[in-house]
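Novice: Before anything else, here's the structure in question.
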Amino acid sequence: MMKNFAYYFSQKQQHQRFCRFFPHSLGFLVRFLAFHVHPFFIQLCYFVILSLLGYLGLKASKPRTPLRPNDLDLFYTSVSASTVSSMVAVEMEVFSNSQLILLTLLMFVGGEVFTSMLDLVFARYKFTRSVQNKVSTNHSYLTRTRLPPVDDTSGLDQIFFSSNPFLSTKKPSINANQIELGLVSIHHSESENHKPSDSNNTNVPKGTVVSFNDSDRLKYNCLSYLTYLVLGYLVVVQFVGFSSVSLYITLVPSARQVLKNKGIKIATFSLFTIVSTFASCGFIPTNENMMVFKKNSGLLLLVLPHILLGNTLYPPCLRLVIMVLERITKREEYSHLLKNFKDVGYDHMLSALHCCLLVATVLGFNLIQFVMLCSMEWNTKIMEGLNVYEKVVASLFQVTNARHAGESVFDLSSISSVILVLFVVMMYLPPYTTFLPVREHENDAKRSEKSVLECLVFSQLSYLVIFIILICITESKSLREDPLNFNVLNITLEVISAYGNVGFSTGYSCARQLKPDATCKDSWVGFSGRWSSKGKFILILVMFFGRLKKFNMKGGKAWDLS
């Protein structure tokens, strides 16, 4: 009896020690990442860990077919979903319903809008810590008022996920003009008489009430409001898309029959498709992607806006939402976001002029692609069986996906090389490529101050050329023996598609083999699905590189070609 009691008591002590140790360790890790690690390495670790977790989940769950995909193809698929690249190495109908839900989750948390929201949460945390640093060394801020002790285990929750800290409260120690920042409650009513000073010391007494200037309060409010706004935008847009697609498939027999024949649930298909489209991934639960729905123009038109809302037109839409909220609420924070968007440090916040030019650029690129595709392919095999209206909608859907969702209603292997080259150019361009007649040039002093690392970094195009050369080396045997499938144009399109996180692929056809192989079997996988293990591994690196390309957009500036 005494032994059991002693064992129980020791276990309880260990549990209590763990409960005290874990929050402090997590807090230390978050502070270390926020102030001592470059964002590139943070995001790289994020996507690598996400890909590994996705691989383990896919491997642990059972597929729909008895034949299991190999480990490399599962990891390849997980990386493709996490980096929203949609490069297909396994037929999509092999995955079970649970695996499709897992891939949906990977695409959701790997999408640019979601990760940018995490950046905002991280920025707000860094801001609160920097304020605490200022407070800790300026004793003129300190007052005699003490607050009740704050539970250590809840500090991180207050920092990351606390509700609006500016709502009034009935507690006498905190009023409507206070901001609770983790362990510090900050008062701003006397901010005009104080100026904070910088310091690295963070030993702030628990529960101390201190002054806080209006500019810092406004910035904190803006970060909080923008975080909740992005989250709301993310949820509302996808919920509306999910509801509309589910309703369409339920009401339209032809679309419903396709899913019934393939054994795919309507809810799973709708959720998977909308999350994939909004995240600009391009995965679709059917083997044929959207080709099987090319006559369902209504479905294509419902999915089409999400390509733009989550990708190329996200900044203009976000600014439009903020403008509407500013008109309705008259909040100072929304006005500040519109006028001083650079102060927040959110890359997706652009000026009104930049947003207008971005919209014009996106529409212009789509128009060019649409005209060329229709002029080259209007009466070809890929549009057989479609009437004029269906051809127009399908063509518009296809060219919009080139930047950068990657869903297809046409077989790219049957499209002319002229259009493929055009798609390569469009996939290479970043989402926010804009024609800007007026630019802000960096001053000469800043331009001359370049680190050794910056001078050694190549341009994006240089890295892509290197990747294409390496893949041509790994696939050299196939290039010689199967030139109709393995050619430089197809390899280039595959690499640029992975870099742009698009997912376009010409696929592989046994009918194009010069030396027919009796064992060859056509399957609905991308061209890279037929590559060697080395080639697939290189393309995995390209997908990571493409997902993090924003950190190297100015690479190669040290090279002078004149």
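Cβ atoms are placed via backbone N, Cα and C, with glycine included.
Sharing the record's features from TrEMBL:
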TRANSMEM  40-58  transmembrane segment
TRANSMEM  100-122  transmembrane segment
TRANSMEM  225-251  transmembrane segment
TRANSMEM  263-284  transmembrane segment
TRANSMEM  296-314  transmembrane segment
TRANSMEM  351-373  transmembrane segment
TRANSMEM  409-431  transmembrane segment
TRANSMEM  451-473  transmembrane segment
Novice: Among 225-251, 263-284, 296-314, 409-431, which stretch has the most Cβ pairs under 8 Å to the transmembrane segment (351-373)?
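Specialist: By the under-8 Å Cβ criterion, the transmembrane segment (351-373) pairs most with 409-431.
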Novice: Restricting to the same chain and to residues at least six past its boundaries, which positions have a Cβ under 8 Å from a Cβ of the transmembrane segment (409-431)?
Specialist: 280, 289-291, 293-294, 300, 311-312, 314, 365, 368-369, 372-373, 376-377, 380-383, 394, 397-398, 402-403, 461, 464, 489, 492-493, 496-497, 499-500, 502, 504-507, 509, 549-550, 553
Novice: How about long-range neighbours of the transmembrane segment (263-284): same chain, 6 or more residues beyond its ends, C-beta under 8 Å?
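Specialist: Long-range Cβ neighbours of the transmembrane segment (263-284): 64, 80-81, 84-86, 88, 92-93, 97, 100-101, 103-104, 107-108, 110-114, 234, 237-238, 241-242, 245-246, 249-250, 256, 290, 303, 306-307, 309-311, 401, 404-407, 431, 501-503.
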